[in-house]
Amino acid sequence: MFIDDTIAAIATAPGEGGIGILRISGEKALKVAEEIFKSMSGKSIEEYNKRTLIYGNIVDNENIIDEVLLAYMKGPNSYTGEDVIEINCHGGFISVKKILELILSKDVRLAEAGEFTKRAFLNGRIDLSQAEAVIDVIKAKTDIAHEVAQNQLEGSLSKKIRELRDKVTEILAHVEVAIDYPEEDIEHITYQTLKEKTDELKKDIKKLYDTAESGKILREGLKTVIVGKPNVGKSSLLNSILGENRAIVTDIPGTTRDVIEEFVNIKGIPLKIVDTAGIRDTDDIVEKIGVEKSKESFTSADLIVMVLDASRKLSEEDIEILEKLKDKQTIVLLNKNDLKQEIEEEKILKYVENNSIIKISALQQEGIEELQDKIESMVYKGSIKNNSSLVVTNSRHKDALSKAYKSATDALIALEQSMPFDFVEVDLKNIWDYLGYINGDTVTEDLLDNIFHNFCIGK
């Protein structure tokens with residue numbers, strides 16, 4: 001990518017719509033716009049106040065392509081930090097396509113995926129963590145996920161990383177004094193000071209790292225698999241949670257023969273709910289495939305919700321499923337609670353904790369609120385819901401923090417063992433670099449390409 005190129009792209013989704021938006025960014029943006037745009041007043045774009053919507057037409061050799069509104073944002077006070085033109089035309093494939101083709105004919109290049117945001121990063125308007133937050137804002141599935149992403153876009157994570165790197169700089173200053181002036185009698189004081197400050201730094205990194213598990217769920221969703229043998233009420237439960245008849249509900253065992261997936265917002269948690277085929281021995285080829293898919297879904301699940309028929313005693317099939325869930329985060333639902341209870345709860349307690357057993361009636365909508373509260377407490381543990389200002393949601397950030405934490409641990413061990421300060425210096429510089437991966441201070445071009453490749457073309 002050449003930063004001195006002028007680029008353009010369609011910023012809105014393809015298809016029919018009320019408005020289509022095209023974006024131009026770069027040194028020639030204004031010149032190109034002046035060539036193809038004629039305002040209704042006859043004034044040039046520069047004669048208008050910046051950031052003003054100008055009414056006019058896009059023309060090609062005096063032929064009007066479309067009636068538009070145009071905005072000019074002069075760099076560096078724009079999204080990319082460059083001169084930016086945004087054209088609002090009528091939505092629809094033809095108008096937008098013809099305007100883009102006209103723009104590209106003026107020595108303008110089609111933007112690569114995420115190139116507008118990449119330029120914002122390269123021009124210093126935002127750092128890398130803020131750039132990545134743009135995608136999270138777009139893809140947020142709940143209010144809390146959106147709030148977390150918006151806070152990161154506004155710089156909450158950037159600020160924290162700067163604070164941590166400032167602490168590293170301070171500790172490094174002590175180390176470098178000790179290395180440069182070994183004859184000075186400051187060794188004992190320096191070791192003690194460094195141990196205290198490095199331990200504090202290590203705790204700060206760990207505290208931030210610990211938000212990553214819940215953050216990943218907010219960003220990607222909690223994969224929740226509903227399991228149980230046939231006809232215990234799994235599909236009724238799914239319909240109760242979704243509030244619609246998404247799954248087939250009958251008295252015939254094996255009705256759900258495939259894996260049904262839905263996203264639902266549970267108290268701010270994006271749940272990717274997977275309703276599986278009932279697990280049982282069967283000669284039906286199609287149902288057998290569904291059963292195998294159900295078993296496979298166990299391995300990748302973040303949470304298992306097992307449904308049991310409370311009106312019947314535990315069967316061998318029930319126990320076989322419970323055995324598979326021993327090491328999984330599991331909630332057991334005793335369904336059909338409106339009927340006489342026959343199930344033996346004490347046997348279930350061999351496999352799950354008491355507070356993970358909830359009595360419900362999926363058909364009567366009883367116990368659903370308690371299930372939602374339980375999921376909320378398992379995911380958030382109160383931390384994110386009460387403070388969504390600083391949460392690590394990106395796996396790349398989590399990996400960098402993990403490496404920074406290990407280096408902080410190594411530095412602390414070196415100090416506790418009174419090893420030469422040169423060893424400590426190496427560990428501290430590693431911490432500095434790993435934290436820099438997050439905000440983009442220490443990052444390679446290949447990594448940047450990989451990150452922005454996940455963006456859409458017009459962003």
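The backbone N, Cα and C atoms fix where each Cβ goes, glycine too.
What Swiss-Prot says about this protein:
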BINDING   R23, E86, R125, K459  (6S)-5-formyl-5,6,7,8-tetrahydrofolate binding site
DOMAIN    221-380  domain 'TrmE-type G'
BINDING   N231, T250, I252, T255  K(+) binding site
BINDING   231-236, 250-256, 275-278  GTP binding site
BINDING   S235, T256  Mg(2+) binding site
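Secondary structure at S235 (Mg(2+) binding site), as computed by DSSP, is helix.
Across the domain 'TrmE-type G' (221-380), mean pLDDT in this model comes to 76. Its own atom aside, the Cβ of N231 (K(+) binding site) has 19 Cβ atoms within 10 angstroms in the protein chains shown.
Secondary structure from DSSP puts R125 ((6S)-5-formyl-5,6,7,8-tetrahydrofolate binding site) in coil. Candidate binding-site residues: R23, K234, K459. Fewest other C-beta atoms within 10 angstroms, K459. Within 10 Å of the C-beta of S235 (Mg(2+) binding site) we count 23 further C-beta atoms, all protein chains included. The Cα atom of S235 (Mg(2+) binding site) lies nearest to that of K459, taking the binding-site residues R23, E86, K459 as the candidates. Closest to N231 (K(+) binding site) in space, going by CA atoms and restricting to the binding-site residues E86, R125, K459, is K459. Look at K459 ((6S)-5-formyl-5,6,7,8-tetrahydrofolate binding site): DSSP puts it in coil. Between the C-alpha atoms of K459 ((6S)-5-formyl-5,6,7,8-tetrahydrofolate binding site) and K234 (GTP binding site), the distance comes to 41 Å. All protein chains included, E86 ((6S)-5-formyl-5,6,7,8-tetrahydrofolate binding site) registers 21 other Cβ atoms within 10 Å of its own Cβ. Around R125 ((6S)-5-formyl-5,6,7,8-tetrahydrofolate binding site), taking its Cβ as the centre, 19 other Cβ atoms fall within 10 Å, counting all chains. Here (6S)-5-formyl-5,6,7,8-tetrahydrofolate is bound by R23, E86, R125, K459 per the record. The longest Cα to Cα distance in that group is 18 Å.
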